[in-house]
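Peer 1: Have a look at the structure that comes next, please.
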Amino acid sequence: MKRKNIALIPAAGIGARFGADKPKQYVEIGSKTVLEHTIGIFERHEAVDLTVVVVSPEDTFADKVQTAFPQVRVWKNGGQTRAETVRNGVAKLLEIGLASADDNILVHDAARCCLPSEALTRLIEQAGNAAEGGILAISIADTLKRAEGGQISATVERTSLWQAQTPQLFRAGLLHRALAAENLDGITDEASAVEKLGIRPLLVQGDARNLKLTQPQDAYIVRLLLNAV
């Protein structure tokens, strides 16, 4: 049986650093929200079988998303943290039979709306059949400094450092097990949860265009990238 590829987009955050009057995933860029741009990436990709968006139970914007993408599952069972939101989404996929333990879950930040299709293809091709899973990442190009009290305390050796991106691809069963701990403190992405099990996920070459909309000034770059597509 063919292993399914299921995109899971945690979208329960409030995006406080972005400073808008609504969660950043619902900020409009052009005629669509950031989240709609992100969903479209997966809906257009032939290797993705299903897209699921997990939002907060109090979300008042999700109905528009469901109307725009009636085939997408939009669930209001998000948690207080990203890890909780992903855990809830994976658990429901397994519970209702939309995913088996052996299917691939591709967890992607709602605010990464410029993911190139070729980067997504590369991740699926290189990590889709790997039991340890894998993530998109790019090597660090800039010099990194460690700071104390607003002053440089050290220069960090960057040779072996990579910047994690999303999607992060793991088997549903593995991801469910990795996120099953009651205390998810320190889990900043899915790979870090899997690493705690002693597993070493693959690094797949990402793309600099796959940036995360975090600060207000990022919106300018995102607009340029989306207009260039």
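Note: Cβ is positioned from N, Cα and C throughout, glycine not excepted.
Copying in the features that Swiss-Prot gives for the protein in this structure:
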- ARG17: site 'Transition state stabilizer' (SITE)
- LYS24: site 'Transition state stabilizer' (SITE)
- ARG158: site 'Positions MEP for the nucleophilic attack' (SITE)
- LYS212: site 'Positions MEP for the nucleophilic attack' (SITE)
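Walk me through the surroundings of each of these features.
Peer 2: DSSP classifies ARG158 (site 'Positions MEP for the nucleophilic attack') as coil under the three-state reduction.
Residues within less than 8 Å, Cβ to Cβ, of LYS212 (site 'Positions MEP for the nucleophilic attack') and separated from it by at least 6 positions along the same chain comprise ASP109, ALA111, ARG112, GLN165, ASP218.
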Peer 1: Counting Cβ atoms within 10 Å across all protein chains shown, which of the recorded sites LYS24, ARG158 comes out on top?
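Peer 2: Max Cβ neighbours within 10 Å, all protein chains included: LYS24.
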Peer 1: To the nearest Å, how far is the Cα of LYS24 (site 'Transition state stabilizer') from the Cα of ARG158 (site 'Positions MEP for the nucleophilic attack')?
Peer 2: 31
Peer 1: On the three-state reduction of DSSP, what should I expect for LYS24 (site 'Transition state stabilizer')?
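Peer 2: Assignment for LYS24 (site 'Transition state stabilizer') reads helix.
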